[in-house]
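Some notes on the structure that comes next.
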Amino acid sequence: MTKAISVAGLHKAFGRTHALDGLDLSVDAGEVHGFLGPNGSGKSTTIRVLLGLLRADSGTAELLGGDPWADAVALHRRVAYVPGDVTLWRNLSGGEVIDLYGRLRGGLDRARRAELIERFELDPTKKGRTYSKGNRQKVALVAAFSSDAELLILDEPTSGLDPLMEGVFQGCVAEARAAGRSVLLSSHILSEVETLCDRVSIIRKGRTVETGTLADLRHLTRTSISAELAGPPNGIAQLPGVHDVEVRGLKIRLQADTDKLDAVLRSLADSGVRSLTSTPPTLEELFLRHYADDVHGNGNGADGGVKAGVSR
Amino acid sequence: MRNQLAGTGTLLRLALRRDRVMMPVWITVVALLVLSLPASLESVYGTGAERARLLGTMNTNGSLRALYGPVFGDSIGALTAWRGGVFAGVLAGIMSLVIVVRHTREEEETGRQELLSAAMVGRRAPLTAALLAALTANGLAALLVTAGLTGRGAGGAMALGLGIGATGMLFAALAAIAAQLTESARLAKGLAGAAIGAAFVLRAAGDAGSAGGSSALTWVSPLGWLENVRAFAAERWWVFALFAAAVAVQVAAAYALAGRRDIGMSFLPARPGPAEGRLAGPGALAWRLQRGSLIGWSLAFLAAGVVFGGMTDGAAQLVGDNERTREIIERMGGQSGIADAFLATMAGMLGMIAALFIVSAVLRLSGEESGQRAEPLLANAVGRLRWAGGHLAVAFGGSALILLLAGLGLGIGHGQGVAAAVGATLAQLPAVWMIGAFAALLYGAAPRYAVAAWAVAGGALTLGWIGPALNLPQAVLNLSPFAHLPKLPGAEALAWAPLLVLTALAAALLAAGLAALRRRDLAA
């Protein structure tokens, strides 16, 4: 499969700060790729390198098969970008900005533009200075989605949208995917990433720490199980990969490593199961595991970090 | 009332902390400008007889009075006040408007004020703190001037120092009103700056018309009040009552306006714009963003040209029996024919002021980049050169336009020699472009220090305006690109060489700046 974005071993330093420290990222053509990481982990820096606004110190970056620095202008015809913090010219109307961006990208679909303005409930006659944060983002989103760009780079595009508009946004991304476009979506709204993304990359301190499909990533973490048993649980706490066991009479709650589920279920079945709920790990848990590593000081903690965030 | 002012002290400290570099630099420049004058004036007009002759010459020559104002006494102190007073007053005014707008409208425009006002900050505190910051700066400048000149007479020193400080405060209060009227800090600064320019032109026109510096037009201009304090020449202290009244009225108006509006808002309602845009590319966008300012500059240059052109004939009345005066006039401008010399001087002055326009137009690039409006634009199929090219075209083409209009105005005002006057103003262009190209190089290669381009333009203005009277060595004067221009109209053979060399240098600097811009990282 061809790659929309492929980045390997990217380094970028600003003075003494190493914003990117060997980052890898690969986005297949036609996929929606979630790009996650704590504040200051290098997401926006990566995007700026991909847009040819910054020049990487070392490593390789390829955007739609081209060099993002050298071929910037030609590539940008095929890319649409929505920054997290949209600033508009105070005396230009939203409609003017949408059309300007459209022309600079080589034209936009008028019908689609009108439809998107309708769906996002945007007033295109208002001047830049009078828009709220959410409305400024809508201007950039309408401009991006009404283009026929092959690749959409969205840097926290929904941080100011209300839940209703968030739904419209998710619909637009789904349509873009259906139309065969690729999307790089940097976001802190994990439910959004979970709903939309085929694959995710989690970065930390300028380095990629996890990448894969959500199913892949879930495999590496724990499922929480609560059950009502017919008889007392039997030695389940001693099984490998079982954590946080809590027994109250015949009711049991526990966390199990997802790849050790077989043995846990067998042991539960031995005691007789009356009811069983199992919750797959959420992206939030995955995410917190990597974020919380900072607190625990270890770069690759598979255990440890989870509890603080998960058991709330 | 106490509640309205809550937090003023903290905001003032914040303002002084933020301006800890800018303010001392401004104060030093204003004070040094005045304090460097006495010694050099002494070296040019050493004897009392020479000074008395200068006095007679100046007061019979309308065109020189237009430039520098009337002289009220023949002491070194009086000459210092004559030569440096108005110029220092203008600088104090610019310093004050920058300080006031920066801490009022700019804070609201960027949304920072909202965060501050959500704390224990009274409704009137931000404006009060900004005015107090301006008062601090003007007070220090006044103190330095007074202290530095006390040796020439304590009363005169105090009058000049206070006069400069009072002029600064008057424009600070005016800027406070402008900051209430507009939603954009840039426009507020533009309005206040235009008021300073108008005050200068009114004073010049008024002084050209009367020997005593007391025509009605002069009294309309606060800069006319400043010279009519008559420091070191039987000071008229009552003029300070005018300053005090004007400051009080304007400050009251600013508070009244501030009290009637919401934070971030102005009195000009935002009108809806078109739902569909026709801006075709980065060039059209640059034109759209800068056209308002260019139209303002064009009108101002045309008007200034007409006014100065109309004063030209006063130059013919020169009674020039002083060798040194003649020498100075020649150094200031022309080589033959005093009317030509006057026109050449005016063309040179307008050229130096046009350098301010080109710096502001080039630095729009810097504003667009640091305001993060360049980033999404450049994420489209727009190369950096094409993007920068739009703004640079406005800057370089616009400076040609305003100088052309100034030349037309000079010719029309004078009633003759339109072509020669246009030639004289357009001859300034290579030097203006050189400064613009330097600004572009700074922006391209060292974007953090791009604002230093203002210092370059200001330095050229100071060298050209005050330098000749200071007897500075030619090597220093030659640092300004304007020093190399032929004096037009009037030069017998037009020297093309310096014009071509300056244009070539400007092109080289511009190319270097653009090359650096292509290679560097964009500010996040």
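Every residue gets a Cβ built from N, Cα and C, even glycine.
Sequence annotations record features per position, and here TrEMBL assigns transmembrane segment to B:21-41, B:81-104, B:125-145, B:157-179, B:191-217, B:237-258, B:294-312, B:341-363, B:392-412, B:418-444, B:451-473, B:493-517.
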Top stretch among B:237-258, B:451-473, B:493-517 for CB pairs under 8 A with the transmembrane segment (B:341-363)?
B:451-473
Selected stretch (most C-beta pairs under 8 A with the transmembrane segment (B:451-473)) from B:81-104, B:237-258, B:294-312:
B:81-104
Thinking of Cβ pairs under 8 Å, which stretch from B:81-104, B:157-179, B:237-258, B:294-312, B:418-444 has the most of them with the transmembrane segment (B:21-41)?
B:81-104
Positions whose Cβ lies under 8 angstroms from the transmembrane segment (B:418-444), at least six residues beyond its ends:
305, 309, 343-344, 347-348, 350-352, 354-355, 358-359, 361-363, 365-366, 388, 392, 395-396, 399-400, 403-404, 406-408, 410-412, 450, 452-453, 456-457, 460, 480-482, 484-486, 488-489, 498-500, 502-503, 505-510, 512-517, 520
Look over the recorded stretches B:81-104, B:157-179, B:294-312 and say which has the most C-beta pairs under 8 A to the transmembrane segment (B:237-258).
B:157-179
